[in-house]
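Here is the structure we will look at, set down as structure tokens.
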Amino acid sequence: MGSSFKSPADTAKACSAIAELKEKAPLGKVIVLSFLAGAYIAFGGLLAEVVTGGMAKAGYPAGLVKLVFGAVFPVGLMLVVIAGSELFTGNCMYMPLGILDKRASIMGLIRNWVTSWVFNLVGAVFVAYFLAVATGILTADPWQAGALTVAKTKALGGASFIAAGKVTKSLTWAQAFWRAVGCNWLVCLAVYLAIASDDIIGKIWGIWFPIFAFVAIGFEHSVANMFFIPVGIFLGGVTWSQFFMNNLIPVTLGNIVGGAIFVACLYWYTYLKE
């Protein structure tokens with residue numbers, strides 16, 4: 001009986017080969033798959049907000065709320081990896097690894113990153129408006145209050161606000177950046193573990209643990225925030241400029257560092273550098 005998983009070196013080679021395929025993918029397919037990835041991550045975010053919406057107000061410990069939020073969110077990345085789609089944060093690992101292994105180009109990276117980022121945003125905002133707000137799922141309490149707290153914590157740039165009767169501090173630019181570094185380090189490891197596994201159950205567990213960890217810790221994922229913060233915008237608690245300037249820019253940059261440096265570069269150096 002053969003092994004059901006790849007060695008770390010073979011996994012690095014497989015990721016490099018995937019980068020080559022992404023380099024050659026037709027633009028139209030990348031656009032569709034990027035829209036789907038944004039929607040899939042948004043589904044995970046919507047599920048997490050629904051199941052935890054009233055927990056803080058009901059007096060549950062903050063750690064338990066984070067645990068439940070993190071436990072259900074990984075369904076989004078499971079859909080991305082197993083059903084197939086183009087997720088910007090995963091591409092922050094794939095494309096640099098392919099470039100270092102001479103199987104992808106800088107121009108291919110730029111095309112892939114820009115396309116996946118833009119259409120991840122389109123897919124996530126689509127779910128935020130049409131499936132979370134227009135449906136009424138997140139417009140009634142306690143879910144509206146919970147969704148607004150999540151969005152404000154991420155997007156108010158260090159300002160304080162009242163949530164569940166308590167003063168809550170939002171993230172500063174630097175905090176958002178470093179939380180994003182940690183986030184995509186773990187997200188890309190989740191993708192790496194999924195590629196390492198040759199069966200679907202192994203892929204599911206390989207994804208679940210690192211994604212659960214990043215969410216429960218409180219790290220920042222750019223594509224997830226393309227859902228969480230627009231929900232807050234549609235509910236009237238945050239502005240588009242606050243979204244981009246205070247969160248999406250630093251979190252995107254931090255996600256690039258986390259995936260490209262701490263996963264792609266280090267595993268290329270360890271397993272692929274000749």
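The first residue you see is number 1, and the count goes up from there.
Backbone N, Cα and C atoms are what each Cβ position is placed from, and that goes for glycine too.
Residues or ranges marked as transmembrane segment in Swiss-Prot (evidence: sequence analysis): 31-51 (among others).
Residues of the same chain lying 6 or more positions beyond the ends of the transmembrane segment (62-82) and with a Cβ under 8 Å from any Cβ of it are 37, 40-45, 47-48, 51-52, 55-56, 90, 187, 190-191, 194, 200, 203-204, 207-208, 211-218, 224. Summarising the annotation, Swiss-Prot assigns transmembrane segment to 62-82 (among others).
Feature annotation from Swiss-Prot assigns transmembrane segment to 118-138 (among others); the stated evidence is sequence analysis.
As annotated by Swiss-Prot, transmembrane segment applies to 176-196 (among others), with the evidence given as sequence analysis.
Feature annotation from Swiss-Prot assigns transmembrane segment to 200-220 (among others); the stated evidence is sequence analysis. Proximity of distant same-chain residues to the transmembrane segment (200-220), defined by a Cβ-Cβ separation under 8 Å and at least 6 residues beyond the stretch ends, is recorded for 4-5, 48, 66-67, 69-71, 73-74, 77-78, 81-82, 154, 171, 176, 179-180, 182-183, 186-187, 189-191, 193-194, 247, 251, 254-255.
Outside the transmembrane segment (226-246) by six or more residues, the chain places 38, 41-42, 45-46, 49, 120-121, 124-125, 127-129, 132-133, 138-139, 144, 147-148, 150-152, 154-157, 170-171, 173, 176 with a CB less than 8 A from a CB of the stretch. Marked as transmembrane segment by Swiss-Prot: 226-246 (among others).
Marked as transmembrane segment by Swiss-Prot on the basis of sequence analysis: 248-268 (among others). For the transmembrane segment (248-268), same-chain residues at least 6 beyond its ends with a Cβ under 8 Å from one of its own Cβ atoms are 8, 12, 15-16, 88-97, 100-101, 117, 173-174, 176-189, 192, 220-222, 225-226, 229.
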(message) Give the nonlocal contacts of the transmembrane segment (31-51) in its own chain as ranges (CB under 8 Å, at least six residues past its ends).
(response) 68-70, 72-77, 79-80, 83-88, 115-128, 131-132, 137-138, 143, 146-147, 150, 215, 221, 223-224, 226-228, 231
